[in-house]
Each structure stands twice: as structure tokens, then as C-alpha cells.
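Written out below as C-alpha cells is the structure these notes cover.
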Amino acid sequence: MATFLGINLFGLFGQLLVGLINGSFYALLSLGLAIIFGLLKIINFAQGAMYMLGAFFAWMALHYMGINYWAALIVVPLAVGFIGVMMERYLLRPIANEDHLYSLLLTFGIALILQGAFTHMFGSSGMSYAIPEELKGGNRLPFMYLPNYRAWIIVASLIVCAGTWYMIEKTKLGAYLRAGTENPSMMQAFGINVPLIVTLTFGFGVGLAGFAGVMAAPVYSVSPDMGSNMLIVVFAIVVIGGMGSIGGAILTGLGMGVVEGLTKYFYPEASTTVIFAVMVIVLLTKPAGLFGKEA
Amino acid sequence: MSTVGDEKLRISDLHAFYGESHILHGIDMTVMQGELVTLLGRNGAGRSTTLRSIMNMVGKRTGSININGRETIDMPAHKIAHLGMGFCPEERAIFSSLNVEENLMLPPAVRSDGMSVEEIYEMFPNLYERRMSQGTRLSGGEQQMLALARILRTGANILLLDEITEGLAPVIVKTLGEVLLKLKERGLTILLVEQNFRFAAPIADRHYVMEHGHIVEEVHAHELEAKAEMLNTYLGV
């Protein structure tokens, strides 16, 4: 067995890989939350439910309509994004001028309803979704075995995260978004349809969760509570990274996945709490988060 | 083409509200093509609210606002700019999340014959030098120039300018006066809210004096001397 300074490298790299996979999902979900929070100042508690919807839609598309994984990767995020658009337009917009607590409670309620509905329809034990044929198998690397599908998760989510970051930070559309976050009424005075941008942004942020759900279907069990389990950790990550920071959400998501993976190797008992411990330390030393701007 | 021609802006019986407060009480005014008109008055007289009402940035407004012959009282805020309006707010509203050039390029073009970026940098050389700086790192004067420059690039030909000289050094105020005269020569129509009467008097064609949400007096440039005493009473200068 390969060891270095008494460390089992197979075990270490294996946990690092698991950490990166989890980190990829954390990054996608916290990115969506950060985008939505940045522009709408809404803390979207339904983000986990949208991730769960993404996984279930992929499963339903395959089993009821014969839509394969690759098509689902495109269609499902659009479908989930469309649900987000409807949600923003008809549920969140009417209460947009109320205290933010209202929208928070509304999204929380939506999450509970969706989770309940899917538990009622599919039970809570979870279903499996096969890894697509093209991504079966794996490669033996010097210190670990790397399954193709897991490598794909990391690469695909990095591409999506980087693309989203580029769109927001470097393009004209992103400049509208950033400026709309800062001063919506002035953007309206420039002739920009801010309510439309808000709706589409919400749809996009939610669509990212749908995308993460499709990606997750083959590696995690497709179950109604998959979103709520994930969401608590993702909220901790958003707090660590700093609310509303796009790059911060991505880096913190990946980083916390790795921290969690390493903890699983060195001190497994703490692996489920380490992120919350980090959150406490960050809140005590840098309350705005690692990448957040001090108010 | 500094000829004064068609009616660009006609406001009749405009009332504006912020929540429960009734700010404007039936404003009537017109601005002709190529004119530079000022709104004078004390703080709180309703001058800024008049500009913000034209842009549909107040809580509620009633009456009639005609821009280029189009009634806009029921028009959503984001459509008004596309009638050729450019608004420069009192707080300047430079975006801190964007650099100078991004701020300059931000507002979409509303007409086709806006100033090119080269022309703008020629008019405001400081902005060119600092184009990569964060927008809010500029000095007050530079921020004001940026706020003005970004609506010139859009091709807006009716400019609503709110207190553009406020808090600026005399040399910058002088530069802004020259810029406004150049814009007037280009045929732009300008409605200017101004506290600094000495800045406004030599460049304006007409003045409206506001008090308590009403227009109480209209003064043409050639009447300034005759009505100086009355203006002093209203403005308390």
C-alpha cells in the first residue's frame, strides 16, 4: 500500500476526490444562492428543493419519456429555471416590497411543499439513476482510482461555475446585473427593464440548482430529502464565503468540500461538523465572510 | 443648430407623491427644443422631485407629462429613457461595482447619434486617464463628469441635470458651464436644477422658480435684471 509519512495515500486521495465532488455541488448551489441574493436580496430556502427537483426531473425524464442523461442536462435546468421564473413572477414579486422575512418564509414553504409532494409520490427511500454509458468505468492513477463520472462532475461544474463567473464579472449583461443590484431605480432611468432582469436572474440561479440536481442523480440517491440535507451545509458555505460574492461562493464551495474530505480522512468523527466550526470561526473573525465586503 | 424649435417637454397639472406625502401640487411647464431651462428654488421646493417625476422615479404621479409628443404618465420607468431622455441625479449614482469605463458604457443607447467614446474622452480627459479606476474612487468633480458623460454617450437629447455643480470647486464648475454651452450648441435640450444662481444665470434661456411644490414664477433671461429683487426674495440669496 502506498504510504507517505505514515499516511495512506489511497485513502487520502480517495477522500480528497469525494471532497471535490461534494465541493462541486456546494459550489453550484451556493453560486445560485449568491446570484439570487445579490440581485433580489432574497434568501432562497427553496434552492435545495430545486436541486431535488432537478434530480427527480432527470429520473422522470428517463423513466417516463426516455430522455437520456445528456438531453436531461440541458432540458431539466431549463424546466427548473422556468419554475423559478413563475415563482418569482407570481409569488415573490407581489411581496417584493415587504420585509425580506416574507420571501424567506415563502421560499421555505415552497421547499416543504415540494419535499412533501415528492415524498408522497415516490416515498422517502430514494431511487437510483444509472451512470450514462459514455461515462462508465474509470482510470487508475498513481495514487487512486478515478471513476470517469466523478471526474466529469468536477470538470462540468467547474466549467459552469467559471462561465457564470465570467458572465457576471466580465460581460455587459453582467454589468447590468451588478449595477441593478446596486441601484435598480437608476438602471430603470437608463432604460433597462430591471423587473425582467430580476425574473431571469432568479430563473438562472434556480436553474443552476436544477443542473446540480441532474449531475447528482447518478452519484447520490434521488430522494425527496436530498435537497434539504444539502441546503443547510450550503447556507453555512454562503455565510463563510460572504453573502452575494460570486467568486467567493464558488471558491468557498469547492474549498469546504475539500476541507470536509480531508477531515473525513484525518478525523472522521468531525467530518459532518467541520464546516459549521469553520463558519463559527469566520463569523467571529470576519463577520462579512471571507470574500464579502464589510458593510 | 441652436435654434429654438418644437416643444420637447410639456408638463401639465403634475402632482407627485412619495408614500403619503404630496410633494408636487400641479406643475405646468414646457421646454422647447434646444432650450436650457433651470428650476430654481430653495431646498425642498420640489425641483428634484420634478425631475424624478419626469423619469417616473417617484411613488405616484398624476397629470400629464408629454415627451416629444408622447404622453408618458402611464409609461413604465424603463421606457422613458428610450424617448431620448438622459437623467443625471443629484447623488450622481456612479456604480461602485463597475470601473469608470464600465460606468460610461453602462446605459444602453437610446438614440443613434450619441457622442462617441473618443469625443467624450476628448471633452473629459480626466475620465480617460482614470478609465480603469473603480467608479466611486473618482473625485467628486470627476464623478460628476462621468455621470454627465454616460448620458451623452447614449444619444439622449433631452437632459435632466440635478444640481451638477453642488460641492464642486470653482474651476470644475467653470468647466461644467463650458460643457453645457457646448451641449447647447449641439442642439440638446436641457432642464437644469441648480442652486448656484450665478452658474445658471449666464447660460440659461429661461428659469422657473419653485416653492412648496408649485411653480411661482417664470423668468426669461432678458428679464433677469428687472426681476432680480423678486428672485432674491424667493431664493434668499
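The backbone N, Cα and C atoms fix where each Cβ goes, glycine too.
Nobody curates TrEMBL annotations by hand; they come from automatic prediction.
Looking at A:126-145, A:266-285, the range tied to transmembrane segment in TrEMBL is A:266-285. The highest tally of CB pairs under 8 A with the transmembrane segment (A:149-168), across A:12-35, A:67-87, A:99-118, A:231-254, A:266-285, is held by A:12-35. At the 8 Å Cβ cutoff, the transmembrane segment (A:67-87) and the transmembrane segment (A:189-211) share at least 3 close pairs (sequence separation 6 or more) and count as touching. Same-chain neighbours of the transmembrane segment (A:189-211): 28-29, 31-33, 35-36, 39-40, 42, 44, 46-48, 50-51, 53-54, 57, 73, 76-85, 87-89, 92-93, 160, 164, 176-177, 180, counting only residues six or more beyond its ends whose CB sits under 8 Å from a CB of the stretch. At the 8 Å Cβ threshold, with sequence separation of at least 6, the transmembrane segment (A:12-35) comes into contact with the transmembrane segment (A:231-254) through 3 or more pairs.
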